[in-house]
Amino acid sequence: MDRPNLRGDAPVSPVEPGRPLPWQRGHPVRRRPAPRNRVWRHTVYLGVFKIEQMHAILTDAFGADPTRGDERPVGEAALAAFEVDERGQALLATQALATCGWALGRTISPGPRSRHWLEGFNRSEERFGELYNWLVSDPGPEPTRALLTAVDGGLVSGPLVDLWEAVRASLKLSAEAAGALSVPDADMEISASVGAELSSDDPGASLPRLRTTGEDGRVLHFRELEALQRVVASLLGVDRHLVLNIRIRSHTVSVKDDEAEQEHQEFLLAQQRGETEIPGDPFGDTTDAPLLNSFIAEDLATVSEAIRKGGYGAALRTYLSSSAEIAALRRTDIRREQNAVVHRVHPELTPAGRWPAKDIHPLVLSQQIAINSITESLGRSSGVFAVNGPPGTGKTTLLRDLVAHIVVERATVLAGFTKPWEAFTRKSTGWDHERGRTSFPRLVPELTGFEIVVASANNGAVNNVTQEIPGRRAVDERWAEADYFAATASNMIEDAEGAWGTLAAQLGNTGNRRNFVSRFWWGNRPDRTQTEHGMRTLLAALDKADRADSQPGLRRWREAVEAFNAAVRERDRLVAERAVVARKLQEIPSARRLLQEAERLYQDRKLSADDARTGHEVRQRYSHQATTDLQKIEAERARHWEFKPGFWDVLFSLGRRLREWQHTDDGIVSRLRAAEAHSRECAAAEGEARQTRENADRDLTAADHDRQTAGSRLTALERAVAAAEQRWPGYVPVGDTVTSDRERELSAPWNDAELARARTEVFLSALALHEAFIRAVPGKMLRVLRAAMDVLDGRAKQADDEAVREAMRGLFIVVPVVSSTFASFSRTFGAFDSESLGWLLVDEAGQATPQQVVGALWRAQRAVVVGDPLQLEPVTTLTLPAQQHLRRRFEVEERWLPAWTSVQTLADSVTPLGTLLERGEGEPLWVGCPLRVHRRCDDPMFTVSNTVAYSGMMVFGTPEREELALPPSQWVHVPASDAEGHWRPLEGDRLKWLLKGLRDNHGHPMDEVFVLAPFRDVADKVRKISTDLGVRWDRTGTIHTSQGKEAGVVVFVLGGAPDREGALEWASRTPNLLNVAASRAKRRLYVIGDHTAWAHRHHFKTLGQYLPLRKR
């Protein structure tokens, strides 16, 4: 870097011998006046080195990283940094030592095999601070100043041991002159390579406090900066292994902040000189130390200690579930278990409030399942719920409805108060400060737990959400009159159409927080003009009016309560109507089963009755025949008796005739007895058969009755549902009318326009109730919000955590949603401890490493994690082999490796409601509750994305659009040719031809074009070509450039060095890169590259199948 980079508000300058520093005359920054009421401040970065050098050292220590292909890491890091004011005087207590450089030195020596490998950072940091303070604060006594002058040149060229000896001797003279403290141990040994002596616990190694004359600190020159760089490089043991430079980033701060910092510096100098007995630092961090280290390291330490003591809640506990606990979960796959779907879209589970979107565009099935499941599972408890949001499936839409639900829930609490001031306790809180005391009332506990924080790993994601929620584009024209402090909100967003409600604020880093205070509280616009719409002005005017007459505010409050309750009653009435039908609809399957069973029983009984009838008839015939036979025998005997021999016949036949007759009679009697027995048996059998028949007939009658009853019940249910279908066509989820998975997913069960309007009225009346509450107690809210603004503006350093929490909770009453990156989370919400925030909404969670979310999860009661593990993965600078070494050293499961997982995949794994995605040769992937309807891309982009990444899970919901007068999507084949790394100049020629054709022949606007590449060196080349032809600078680059964005046209330039096969394999190893590239394109996708080299590779095969090939 030969010249300063003066673009933007924070120019960066190199430091070289003989050239002026930014605070010295002759430097361009010095000549450039700071904006009004602002002064220059400079951040000095010592030991700036290329990340590529670090990776080389890590590769030597741990081996090559197989996940990175041959892409060389880019970027720079620094060993240390500190702040300098506009005069060039270093600011005490702003120094920072980089853990990265320290760990790199420890990896060089003693090395990762040492059991003391990663021990001692705090001691090294402390010693560096002592050396820094000594060098930059101008010790004062003449012997020390003379010695410093004498050794300045030596500081640049001498080893660390010489520096330390000079410091020791100088301090001894200073101490003797001042009659003061101890000096470093004369026998202490200094190691120039590692600086181990600076990491010792020897109290004699500490530099003493200096008693000096109280003059200003020294103005820094090149020699001091170079000296400090040599000190820190030697201290860390990297001086012989890294090529180091110094960079200075210049920026501006307000005059007020600069004056506060000067007071702080005077106090620190007085404390260092022993001229004050005040312990600690009552000023707090008036100037933040440069951010060199992990933004979350201290927060992780805080959470770790809390976990050790058992002080953490369900959200973090769930997130940290072990593999065994996850394996024990009972998962429900909503794509395969339709009963779960029917249950989760019941009208009574639908949130009372709804975002004021179009009534005819309600949430579709998968979105409704997600919102209902979130509110059902987390509404009254704590935990984590993951939503899988593929591209274009309406993640922000879902989050808006969740915000509406939470606002309505809090409004329900507000409506329960008889008087608005009942929302506050009788006991106030606050803090003392140099101007007096800040005192304000506390909210009652019932109003806590509704705080909403949107967090993400990058500013872009949180900015998108907090800009979209208040913007008028997010509200349907039907609700254009909706206004929740709209004038104030319009100060806070960049949209030219303005805002409709003060619903969201982007907080996080210091700049964002102060920007919010400026716009929300003071009413300043981006051009620094002040409006009358600041919340402070509004509340002050309301308070003045309220002191004169409080009745109007109280009356409006009561009216708002009644309006809200009326809206809720109307919504409840409509839901009750639909719930009746929903229950009937749920009863239909069982009614059908009952009818089928009744029909089956009837048929069984009919067969039995028929059999009994037949059996009875047979028995009747048998009985009749037996009776007939008996009667015949009886008649035969009667006739036989008529011929019984008389006396004379017996006498004259000597009894023979009687004996013959008797013999015949005995035979007849025998037959008669048998016939009688047979007749009785037949009669009994006939009686049993008759009874069986009668029983069967009764059973048949009963079965027929049951059948008719079941049929009537089913008919009644079906008629009721049919009537409901006529009343709410398309919104009654009747399975018989849905012919495909796509139709089912595009449906919006029970969310017809009438109910949608009623739910929207509930949300808007909830907001009106919040506004009426704020207007009814303006004095209390003025005090609460003033305290919250002091917290955000850094003017509450003396406040304890409890008071800060109370102030911030008051802000959430007015602004329901605030955002922060994970990096700034602990700075914004450091006063909040375990489960002290209501809701955490994590956006773009697929890009966040597992550890980034821990501090936010610890503070939240409920967490909704939204993202997609099949788009861009987390970016990590530490190589996979190094991560593996750390994992094994600390006995951590592989699933926690940042190289392999994300916040989204971990949250997915602990969410029992979701679906299983097949991944070809890989293991199936479980994802949390999926959003399935894609409404961004035309084909073939939709099909490519859906096939390579989602196993066909998404359904096509992109609305019909006008034909686009552009060439169809295609793969422009560029045969193998000479390459410069991955860059193939012929592909650049085709890119120029394509962009010129789009612009000149078809009149397509270049700001609607993305130009992307998988490799960094290709991206650098295409950016130059594209921007020269009118493509916006921020719309061209690597795939990461486009995450979370979309464009009408995407051009994907593949590149690829012919002799670096591994790089092409790396780019096609997972579907993520291709998925992101394809799903950014709404209308056209043009791929430029060697079809022969790419189209046979994993995932790119699908691209080749669906994208027509153009060879010329």
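Glycine is no exception: its Cβ is also placed from the backbone N, Cα and C atoms.
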TODO: For the region 'Disordered' entry in TrEMBL, name the matching range from 202-231, 592-621, 682-711.
DONE: 682-711
Open item on the list: On average, what pLDDT score does this prediction assign to the domain 'DNA2/NAM7 helicase helicase' (791-876)?
Closed with: 95
Open item on the list: What does the DSSP secondary structure composition of the domain 'DNA2/NAM7 helicase helicase' (791-876) look like, as residue counts for helix, strand and coil?
Closed with: 37 helix, 19 strand, 30 coil
Open item on the list: For the region 'Disordered' (682-711), how many residues does DSSP put in helix, in strand and in coil?
Closed with: 30 helix, 0 strand, 0 coil
